[in-house]
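Going by Swiss-Prot, these are the annotated features:
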type: BINDING; residues: L82, G112, A113, E114, K115, V116, V130, G131, N132, Q133, P134, H135, S136, E137; note: S-adenosyl-L-methionine binding site
Amino acid sequence: MAIEILRLGHRGERDKRISTHVALTSRALGAEKIIFTEDDKHVKESVERIVESWGGEFKFEVVKSWRTYTRRFKDNGIVVHLTMYGENINKIMTEIREDISKTNKNLLLIIGAEKVPREAYDLADYNLSVGNQPHSEVAALAIFLDRLTEGKTLYSEYDDAKIKVTPSKSEKCVFVEKD
């Protein structure tokens, strides 16, 4: 199963920091690609620097129409929309994992930066809430991906990484490859 993240409504200068965090969280917790509906050189360069240093295969893509992309994806994939108005994650997560496992389909996860168009709710196979109180989309994304992978991606490492961290009780243990 490949996981892709579709970021709706990125607002340039206003959202560059949070959108960068969305991308980094996506990568760190197992996604293979993040898709934006507007190009942002700052976010793209930040993602590319992280991939260069920390390794792995994570792609940044821009699409003209999120609707077209989602419809095409849905033909052979499962679409989950994270929204505080959706079904309770505690009640629906097992069903989502089973659906993915049974069908062997890829996953497109939709998260919004601003008000999400009604059509996103209609296109989604699942509208899922991670709590029903206001919070960051980064928090919702992290919780969802961790639950989806059952914690298996928390300590991912990549063979091509130039920087690696070893968990330690009392000190920083960082390996940095010299050029």
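Any Cβ shown, glycine's included, is placed from N, Cα and C.
What Swiss-Prot annotates, mapped onto the structure for a quick look.
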residue	record	DSSP class
L82	S-adenosyl-L-methionine binding site	strand
A113	S-adenosyl-L-methionine binding site	coil
V130	S-adenosyl-L-methionine binding site	coil
S136	S-adenosyl-L-methionine binding site	coil
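Of all Cα pairs drawn from L82, G112, A113, E114, K115, V116, V130, G131, N132, Q133, P134, H135, S136, E137, which the record names as binding S-adenosyl-L-methionine, the longest spans 18 Å. All protein chains shown were included, and the count of other CB atoms within 10 Å of the CB of P134 (S-adenosyl-L-methionine binding site) stands at 6. In sequence order, L109, I110, I111, L128, S129, V130, E137, A140, L141, F144 constitute the residues six or more apart from L82 (S-adenosyl-L-methionine binding site) in its chain with CB-CB distances below 8 Å. Sequence-distant contacts (6 or more apart, same chain, Cβ under 8 Å) of S136 (S-adenosyl-L-methionine binding site) comprise I18. Neighbours of V130 (S-adenosyl-L-methionine binding site), defined as other CB atoms within 10 A of its CB across all chains, total 22. Counting other C-beta atoms within 10 Å of each candidate's C-beta, the binding-site residues K115, N132 are led by N132.
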